[in-house]
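The structure appears below as structure tokens.
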Amino acid sequence: MHWYFVAALLTILTSSQGILTTLSQSNGKYLYDYATVPFLAEVFKLLLSSLFLWRECRVSPITRVTTEWKSVRLYVIPSIIYLIHNNVQFATLTYVDTSTYQIMGNLKIVTTAILFRLFLRRRLSNLQWMAIVLLTVGTTTSQVKGCGEASCDSMFAAPIQGYMLGVLSACLSALAGVYTEFLMKKNNDSLYWQNVQLYTFGSIFNMARLVLDDYRSGYENGFWWQRLFNGYSITTWMVVLNLGSTGLLVSWLMKYADNIVKVYSTSLAMLLTMVLSVNLFNLKPTLQLFLGIIICMMSLHMYFAPPNMLVDLPAQARAAPESLKEVTIERRTGS
């Protein structure tokens, strides 16, 4: 399976996640406990990965599986990072509004590229760095509202703590992605076995969050397993399956592609969601959205296109290698 096919599928599923989540609401409210969705998505990924691993072990007896604890324990770290990241997200939203938070979230594009270079030692060309900056500019442009909007003024009115937490959130998101790619590529273990380890700890940490929510509410609504499926509809189950499938595609990209491909997929998914929302939710298209799409398309071409497609070499320079001829020099010695 080619990485660009997986990336395109990830873009489609990621863009549909926000739409499905919106459609799962009833009169603007969730009839179900939204915290149960990530937990069920983790369980879905764990069960599916376990099934694929069992099938792979039956078909191929040489399936590589590393079971030493010193290797397995490394897979708990992404769950811890995501747990901290989720709490930082909530803290950030206490200082800034939603529009400002979404715009600041684009910083994760640049922070991912920086950590990608520092920790994974992956070299990026100058054109690729320019493409990443363009992607950040494009996604930000598409989210900026007109200067007549109230949110335009509030974007620069937040306290310094909000901006600092926003930067920290972007760094944590990038760190989780880069570390996950390191885990997926550090050995030749089966992808499904690596997924089993990731999603086992993911399920445990999401369950711990549900338990903590129960404790904070004083068990007002009972225990979390008693209301696990309360209010679930077909659309809600589609949200769970979509979220789980997205996670499986991301792990595939971490194993066989890289974080930058994932960043492009999720960024383009955001633009696709905004375009689809114009038709589905009667949102008014803006000039900023069209400019953002154009800039992101330029960035996509600049990053992935071969250099000879981006730089038009003079005809004389291109023909230089063909004009070289082999010259044989015969050495004569006088008698």
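From the backbone N, Cα and C atoms, a Cβ is placed for every residue, glycine too.
What TrEMBL says about this one:
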- 1-18: signal peptide (SIGNAL)
- 34-54: transmembrane segment (TRANSMEM)
- 74-95: transmembrane segment (TRANSMEM)
- 101-120: transmembrane segment (TRANSMEM)
- 127-144: transmembrane segment (TRANSMEM)
- 156-179: transmembrane segment (TRANSMEM)
- 232-254: transmembrane segment (TRANSMEM)
- 261-281: transmembrane segment (TRANSMEM)
- 287-305: transmembrane segment (TRANSMEM)
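Residues 239, 242-243, 245-246, 249-250, 252-253, 256-257, 261-262, 264-266, 268-270, 272-273, 276 of the same chain, all 6+ positions outside the signal peptide (1-18), place their C-beta atoms under 8 angstroms from a C-beta of that stretch. Only sequence-distant pairs (6 or more apart) were considered; of these, at least three Cβ pairs between the transmembrane segment (156-179) and the transmembrane segment (74-95) are under 8 A, so the stretches are in contact.
Sequence-distant contacts of the transmembrane segment (74-95), counting only residues of its own chain at least 6 positions beyond either end whose CB sits under 8 Å from a CB of the stretch, comprise 101, 104, 158-159, 161-162, 165-166, 168-169, 172-173, 175-176, 179-180, 183, 194, 197-198, 200-202, 204-205, 209.
Against the transmembrane segment (127-144), the recorded stretches 34-54, 101-120, 232-254, 287-305 differ in Cβ pairs under 8 Å, and the greatest number is found for 287-305. Under the criterion of 3 or more C-beta pairs below 8 Å, with sequence separation of 6 or more, the transmembrane segment (232-254) and the transmembrane segment (101-120) do not qualify as touching, having fewer than 3 such pairs.
Residues 63, 190, 192-193, 195-196, 199-200, 202-203, 206-207, 209-210, 213, 224, 227-229, 236, 239-241, 243-244, 247-248 of the same chain, all 6+ positions outside the transmembrane segment (34-54), place their C-beta atoms under 8 angstroms from a C-beta of that stretch.
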